[in-house]
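Chemist: So TrEMBL lists these for the protein:
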- 11-133: domain 'ThiD2' (DOMAIN)
- 154-333: domain 'Thiamine phosphate synthase/TenI' (DOMAIN)
- 215, 254, 283: 4-amino-2-methyl-5-(diphosphooxymethyl)pyrimidine binding site (BINDING)
- 216, 235: Mg(2+) binding site (BINDING)
Ligand SMILES: Cc1ncc(COP(=O)(O)OP(=O)(O)O)c(N)n1
Ligand SMILES: Cc1nc(C(=O)O)sc1CCOP(=O)(O)O
Ligand SMILES: [Mg+2]
C-alpha cells in the first residue's frame, strides 16, 4: 500500500531523530566515562536536550510513533561489513559523529516541510554538533596517545634504512615482534628524505597501532603526521618544541640527571629518555650514568621514563632491578643476528619482569 507523503516524512524523521539522539549519547558517554570531561559531556547532553525540546515543540510525537514500522524497514536488512568494524573507541566516535551530522541534516531538510523555524533550530544544533564532535575526536586522539604511551615498554630508535621499502618492512616486522614506539633517528639523511621516511613511517606505524616519533625535528614531526618529536638537551627547548607540535602530539626529552628529568617534566615532557645507562654501539659519551639514575627516576618521576644507552638482553635485568620496565634501544635490535627474535625476547622480558632467554 503506497505510504502517504506525510507518513513517509514522519517515518524518516522518527528514524533520524533516533539516530541523532543515539549518536549524541554515544559521544556523551565517552566524554563522561573515558575522558572524565564534564564540559564536553555536558555539551553533548545539552545538544541532546535542545534537539528533543525543538522536536517536542514542533513535531507531533503521536504521528512519529504511528509512522514507525521497524519490521517493515527494508534498511534493517541492508548490512555493510564496515558497520561492525570498530577497532578502537576512536573509530566508534568517528562513526557516531558522522551519523549525528547526517541525521541532523535529514531532520533539518524534512523538518522544513513541517516548520521552517523548527528546521532553523535544527540547523544551529547541527553546527554546534560539528564543533563538539571535532573537540571530542581530538581529545580522544590525545587520550589514545596517552594510553599507548602508558602501555609502551619497548622503544626502538630506527634509521632510515637502505630504502623506503626496507624501512617500511622493518617497522612492520618489528611492530609485530612487540616494538611499541618507533623513533626515526638518522642524522645521515637530507631533510627531504627524512621527511619522506617520516611520512611513510608514521603511516605504517599507525596502521600497526604503534607510536611513531621523529628525532630532533619538530617541523618534520608535524609535517609528516608523526605522533611526536624527541629532543635532547642540545636541541630546541621544550617550550619551543611544544609551540611547534601543539598539545595533540607527544614531546619526549632526553635526560642525563635527576635534575634534568624533573626539569623535563616541569617543562611538559610527555615522556623522558634516561641515559646513557651503559656504553653502547650507537653513540659514545664521556660518562655513563648507570642504573643508579634509574632508581632516582622511578622514585620521583611521574611520566613514562625509558632507559637508554647500551641496553640489550645481557643487561636489561639490571635496568629492571631498578624498577624501570621501559627501555629504548638501537643496537640490541639493529645489530642482532635475528632482530625480530631480539625484539620479541626483550619485550617478553620487560612484560614478565624477569630475565628470559
Ligand atoms: C627515547 C630517547 N632517549 C634519548 C634520546 C637521545 O636524544 P638526544 O640526546 O637528542 O641525542 P640524539 O638521539 O639526537 O643523538 C633519544 N633520541 N630517544
Ligand atoms: C641516541 C642515544 N641517546 C642516549 C642518551 O643517553 O641520551 S644513548 C643513545 C644510543 C642508544 O643506542 P644503543 O641502544 O645502541 O646504545
Ligand atoms: Mg637529539
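In case you wondered, yes, glycine gets a Cβ from its N, Cα and C as well.
Bear in mind that TrEMBL entries carry predicted annotations, made automatically and left uncurated.
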Chemist: Please determine which of the binding-site residues listed here (216, 235) has the lowest count of neighbouring CB atoms within 10 Å.
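Modeler: Across 216, 235, these binding-site residues, the one with fewest Cβ atoms within 10 Å is 235.
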Chemist: Ligand 2: which of the binding-site residues 215, 254, 283 have a Cβ closer than 6 angstroms to it?
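Modeler: The binding-site residues passing the 6 Å Cβ test are 254, 283.
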Chemist: Report the binding-site residues (216, 235, 283) that meet this criterion: Cβ distance to the nearest atom of ligand 3 under 6 Å. Use sequence order and write none if nothing qualifies.
Modeler: 216, 235
Chemist: How big is the gap, in Å, between the Cα of residue 216 (Mg(2+) binding site) and that of residue 254 (4-amino-2-methyl-5-(diphosphooxymethyl)pyrimidine binding site), rounded to a whole number?
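Modeler: Taking the Cα atoms only, residue 216 (Mg(2+) binding site) lies 10 Å from residue 254 (4-amino-2-methyl-5-(diphosphooxymethyl)pyrimidine binding site).
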Chemist: Quick one: which residues besides 215, 254, 283 have a Cβ within 8 Å of the 4-amino-2-methyl-5-(diphosphooxymethyl)pyrimidine site's Cβ centroid, in sequence order?
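Modeler: Here the nearby residues are 157, 185, 216, 230, 232, 273, 308.
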Chemist: Between residue 235 (Mg(2+) binding site) and residue 283 (4-amino-2-methyl-5-(diphosphooxymethyl)pyrimidine binding site), how far is it from one CA atom to the other, in Å?
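Modeler: It is 16 Å, counting Cα to Cα.
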Chemist: Would you measure the largest Cα separation among 215, 254, 283 for the 4-amino-2-methyl-5-(diphosphooxymethyl)pyrimidine site and round it to whole Å?
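Modeler: Pairwise Cα check on 215, 254, 283 gives a maximum of 14 Å.
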Chemist: Can you name the residues of this chain that are 6 or more positions from residue 283 (4-amino-2-methyl-5-(diphosphooxymethyl)pyrimidine binding site) yet have a C-beta less than 8 Å from its C-beta?
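Modeler: Those within reach of residue 283 (4-amino-2-methyl-5-(diphosphooxymethyl)pyrimidine binding site), by Cβ under 8 Å and sequence separation of 6 or more, are 276, 309.
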Chemist: By a simple count, how many Cβ atoms lie within 10 Å of the Cβ of residue 215 (4-amino-2-methyl-5-(diphosphooxymethyl)pyrimidine binding site), its own Cβ left out?
Modeler: 23
Chemist: Have a look around residue 254 (4-amino-2-methyl-5-(diphosphooxymethyl)pyrimidine binding site) and count the other CB atoms within 10 A of its CB, chains all included.
Modeler: 23
Chemist: With DSSP, how much of the domain 'ThiD2' (11-133) is helix, how much strand and how much coil, in residues?
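Modeler: Per DSSP, the residues of the domain 'ThiD2' (11-133) fall into 101 helix, 0 strand, 22 coil.
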